[in-house]
Every structure is written in C-alpha cells, then in structure tokens.
Amino acid sequence: MQELNQSTVTEFILMGFASNPRTNPLLFTFFLVFYLLILVSNSLLITLIHQDTRLHTPMYFFISVLSMLDMCYTTTTVPQMLVHILSKKRAISFARCVAQMYIFLLFGIIEYCLFSIMSVDRYVAICHPLRYKVIMSPWVCLLMVGICAAYGVLDGLSYTFFAMCLPYCGPNETDHYFCEVPAVLKLACADISLNDLVNIITGFSVIVVPLSLIVLVYVNIFATIMKIRSAQGRIKAFSTCTSHITVVTMFAIPCIIMYMSPGSDSLSNNGKKMALFYNVATAFLNPVIYSLRNKDVNRAFLKLVGRGRAPE
C-alpha cells in the first residue's frame, strides 16, 4: 500500500477484482460480453419503442429513458474496469475520480427518481384510465424527467462535494472497481462523522422519499385492482406492475445497504460485488424484464426483423 504521509493524494489505486494472469483474460471476456449485451439490449429496446407507433405511450417513453440511463450508468464504470483488469497499474487521478463519482451518482439518482415517476404512471393508467392520456401528456412526461434530472444534479453535487472536500493524505488504495462514495470515504484522513450525517440525510431524500412514494402509490393501485370484478382483469392489471416492482426491488435494496449505513463499514469485501449488482446486473436485466412476455414489445421486434405481426 502506497504511503503518502500527510502529502496530498493525487491519484487513487482501484484494486478492483483479483489480479491473476490466468483468470484476468476470462474475467475481461466475461465483463466485456456482459457490457456489450447491456448496450445491445438497451439500444434495441429504445429502437423498438422509437420505431413502433403502438409503443409511443408514457410507459414506454419512461422505459426508453431508463434504458438510456442504464447505458450511461454502466459506461461510467465498466470500460475503466475492463482496462484495469488487463493493466498492471490501476490508478485513477483525483480529478477523474471526482468526475466519475459525480457522473455515477447523477445517473443513479435520476434512475431512482425515474422509478417513482413510473409508479405514478402506472397509478394513473390503472386508477384513472379514462383521463390517462390527458394527465400523462408528452409535456408532463418531459417535465417529470426534467425534475428527475435536476434532482440528480443537485443531490449528486451534494454527495460529491462533501466527500471530496475531505483531506486525503494516504493510503490511497481502495478495494473497489470505481470511485464510489463509501469506498473513497474510507481513505479520508479526517473525521467523517459529518459525511455520515450528510449521507443519511441525502440518502433519505434520494432513496427513502422516492421509495415511500412508490409504496404509497402501489397501495392505492392494489386497492383499485382488488375492486375489479373480473379475475382476468385483475391479473392483467397486476401484470403491468410486476416488471416495475421487480426492477425497483433489485435496484433499491443494495443502494439502501450501501448508502444508508452509518460509516463506511457497509463496504466490506462484498461491497464491490453489491455495487456490481446494481451497477451492471440491473442494467442487463431491465430490458429483459420489461420485454419478457410483453406482447407489444414482441410484436415490435417481429415487425422490425421483417416477420410481420406477432400472434395475438
């Protein structure tokens, strides 16, 4: 471990995953294939939504935004991780670390905020179907996404500012594959109790508030669904919500563990694996979950590849 003794750290060493000449090529291939699948699957979903007019609805608009965020989210970290797997030196400059931390938080917070908006969309579609197109107009959808973007900009700045204003004088090695707030805070040579408080407060506004909104919305949705007399109608209504609930659960639980725990103890040996899950795995699974057993998306895909309409 590099000792810098009271001097200012100019770079961080990202230990990432085990450096082994025998396993590194396999690890590189695995993550490269995974990353390419993320880009291809999300790009394909965006293309289908753009090309098929039947998918020009608020729900699919938000899904296309989610796919774009997933590609940006993973591109912030995965290419650098791939380079470091094959490289002997796994350093990142202080400035690049700050930039990566902020951009990662920016897209992550926007995505989490988007989940709450998508739940509101489902609420309007199920509880107020006759007014759905009026309430969820294109301008309203754009405004909602814009609010999420502003939310991400401000809260991302808050996280990054308080983390990087601390003195870093060594050691400078972190057992992670990118500059994430909990990992970097462990390297600060100062009391981080204020940062813990800031993280909890900011995490409450970024994670708990949107999650509470999602829970409240789905309580109302389920109450409305239970009033539907037809069993088939209830199943159809439930099916439109299961994909969203699954995605939110996969994304929210690891984020709560990582960012809402006091101190940096949450980032143990399994911390980078947990980050890998909500940074990479969810980006891969999102298009799969939203397209699996989705007749509209399947029809659009068959139309795109020239096989005409899918069977009803």
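Glycine too: its Cβ is placed from the backbone N, Cα and C atoms.
Listed features, source TrEMBL:
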{"type": "DOMAIN", "residues": "41-290", "note": "domain 'G-protein coupled receptors family 1 profile'"}
{"type": "TRANSMEM", "residues": "26-48", "note": "transmembrane segment"}
{"type": "TRANSMEM", "residues": "60-82", "note": "transmembrane segment"}
{"type": "TRANSMEM", "residues": "102-120", "note": "transmembrane segment"}
{"type": "TRANSMEM", "residues": "132-154", "note": "transmembrane segment"}
{"type": "TRANSMEM", "residues": "200-225", "note": "transmembrane segment"}
{"type": "TRANSMEM", "residues": "237-260", "note": "transmembrane segment"}
{"type": "TRANSMEM", "residues": "275-292", "note": "transmembrane segment"}
Interface-richest range of 26-48, 60-82, 102-120, 132-154, 200-225 toward the transmembrane segment (237-260), CB pairs under 8 Å: 200-225
Could you give the residue numbers and ranges of same-chain residues that sit at least 6 residues beyond the transmembrane segment (275-292) on either side and whose C-beta is under 8 angstroms from one of its C-beta atoms? 31, 34-35, 37-38, 41-42, 44-45, 63, 66-67, 70-71, 73-74, 77-78, 104, 176-178, 180, 243, 246-247, 250-251, 254-255, 258, 298, 301
Contact call for the transmembrane segment (200-225) against the transmembrane segment (26-48), three or more Cβ pairs under 8 Å: no
